[in-house]
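Taken verbatim from TrEMBL:
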TRANSMEM  5-26  transmembrane segment
TRANSMEM  46-71  transmembrane segment
TRANSMEM  83-104  transmembrane segment
TRANSMEM  110-134  transmembrane segment
TRANSMEM  294-320  transmembrane segment
TRANSMEM  326-349  transmembrane segment
TRANSMEM  361-380  transmembrane segment
TRANSMEM  443-462  transmembrane segment
TRANSMEM  483-506  transmembrane segment
TRANSMEM  512-532  transmembrane segment
Amino acid sequence: HLGSVIAYFTSAKFLLYLGHALSTWGDRMWHFAVSVFLVELYGNSLLLTAVYGLVVAGSVLLLGALIGDWVDKNSRLKVAQTSLVVQNSSVILCGVILMIIFLFKTQLLTLYHGWLLTLCYILVITIANIANLASTATAITIQRDWIVVVAGEDRSKLADMNATIRRIDQLTNILAPMAVGQIMTFGSPMIGCGFISGWNLMSMCVEYLLLWKVYQKTPTLAHKSAKVEASELKQLNVKKESDVKPAEGVQLIIEKDVTAFEPQQEKEVSCAARIAEPFITFRDGWVAYYNQPVFLAGMGLAFLYMTVLGFDCITTGYAYTQGLSGSVLSLLMGASAVTGIMGTVAFTWLRRKCGLIRTGLISGVAQFACLILCAISVFMPGSPMDLTVSPFADISARLFENEPLPTIASPEPEMIFATGMPNLLNGSIAPANSDPEMSPEPVPLISVSLLFAGVIAARVGLWSFDLTVTQLLQENVIESERGIINGVQNSMNYLLDLLHFIMVILAPNPEAFGLLVLISVSFVAMGHIMYFRFAQKSLGKQLFVCHTPDPKAAPDSSPPGNTSTV
């Protein structure tokens, strides 16, 4: 019994989990802290944070395919170790620069009319962006490639490993920001920088060792497919009359892969060809993604990123305007983490009972049903939705009329400091300068309660659906293209995420938030319709016939005619 416990804790699977937990913990701490640091440095303005978010999203959008292509073209160990070292070194360097800025900010402001400080800000955002790109490469290689090889041909084991990885993500999403937040609160931002830099230095050494141990324990990781295998050719050569265009595209990919690894002849490469190469790779990556049998499933997942119905800064900001306190919000975030973990459990159970593709369908229906509550909340008492109010009325009032802001969301800062924060616990938001007897009725919490009930309940379906699409990509994308296809998938996710931020910029006031909720629910519905179309193509008349599949064969996890295994 003790031997089996020791065997588990020394297995490649557990070491992979441990490495991922360390990596994700450092990642989450840094992502939380860098936003706070940038706000702190720029005089409590969100400008630097917004620029950082835009740069990160734009970089992954443009470079996702190139990062994936680099992952495909190099050995697994080299890719994992290089991305690990680049990511952690960038965070350490960023931490050191931020500490210097915090220490010498007043001196930096006077040097060269403040241009030196501006240069430091640009440097921090650039290096932080490099860290994020390296983190993207790490996620692609470990979560989309190494995990598939470690699981072998056992798809049930792969499903369990995917679910465990997501549970680790859920826990670190909540615990890591809490930990670094306490350090910054009871210490200082500078101590926070020092702690994160020290953590990343230690974590990098441990993760490097863990990667090496996993690589040693899994000999198949050393063998990376350099050409299209026979089984993979079978997978790609599936040709249906109803789907001629993708089949033609797939044939092009086969030709590209077969010829790409023929013995290279010594020849001069022109300067123009070198310059054009990244653009060709970018184009080939997106074409290959479009021609994947699981293209519609991947697009369905990407569409779920075009939403304000999550626990990001936008939704939490709206919650504050509606009378929820910080303590209540932290409890709601904890509840969302619990339902997210429930989603990973539901995924493994449903997959065993109904197969992989049907699991995605059931998860989609569950998520959408919960989000109907969010749509209903828009029309309930307490909802501030009023499309007659100009989205930029508060800004124009500030800039041109010198009047107090017209929305209940934003009392004047000096009023807040003079009278204390609005009463956030009982859901009332009264004008700070008004007589208590003349205060308006408390804002009913029915609307915001329904909104968060829907968001939290929908996490079960969301994470189960996310795991379904992740495993579909793992099982149906050929080994030699895993990097580039998952790189493009990341780019698609970031593109829709970027669109959701642009949507909020165009309608930033609480009165328009209801409209954003309805648009978000519509995009989620469109995503699930795409997935339904994929499932219909894959399973045909068997779509609604639920049976217990053979866990090894998982016959319904691939499009029809696909006889390959992982």
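Placement of Cβ uses the backbone N, Cα and C atoms for every residue, glycine included.
If you look at the transmembrane segment (361-380), the same-chain residues 6 or more away from its ends with a CB under 8 A from one of its CBs are 300, 309, 343, 346-347, 350, 354, 444, 446-451, 453-455, 457-458, 460-462, 464-465, 468, 514-515, 517-518, 520-521, 524-525, 527-528, 531-532, 535, 543. Segment contact holds for the transmembrane segment (512-532) and the transmembrane segment (294-320), given three or more CB pairs below 8 angstroms at sequence separation of 6 or more. At the 8 Å Cβ threshold, with sequence separation of at least 6, the transmembrane segment (294-320) comes into contact with the transmembrane segment (483-506) through 3 or more pairs. A contact between the transmembrane segment (483-506) and the transmembrane segment (110-134) is absent, since fewer than 3 of their C-beta pairs, 6 or more residues apart, lie under 8 Å.
Long-range neighbours of the transmembrane segment (443-462) within the same chain, counting only residues 6 or more positions beyond its ends whose Cβ lies under 8 Å from a Cβ of the stretch, are 304, 309-311, 315, 319, 322-324, 332, 335-336, 339-340, 342-343, 346, 363-374, 376-378, 380-383, 408, 427-429, 517.
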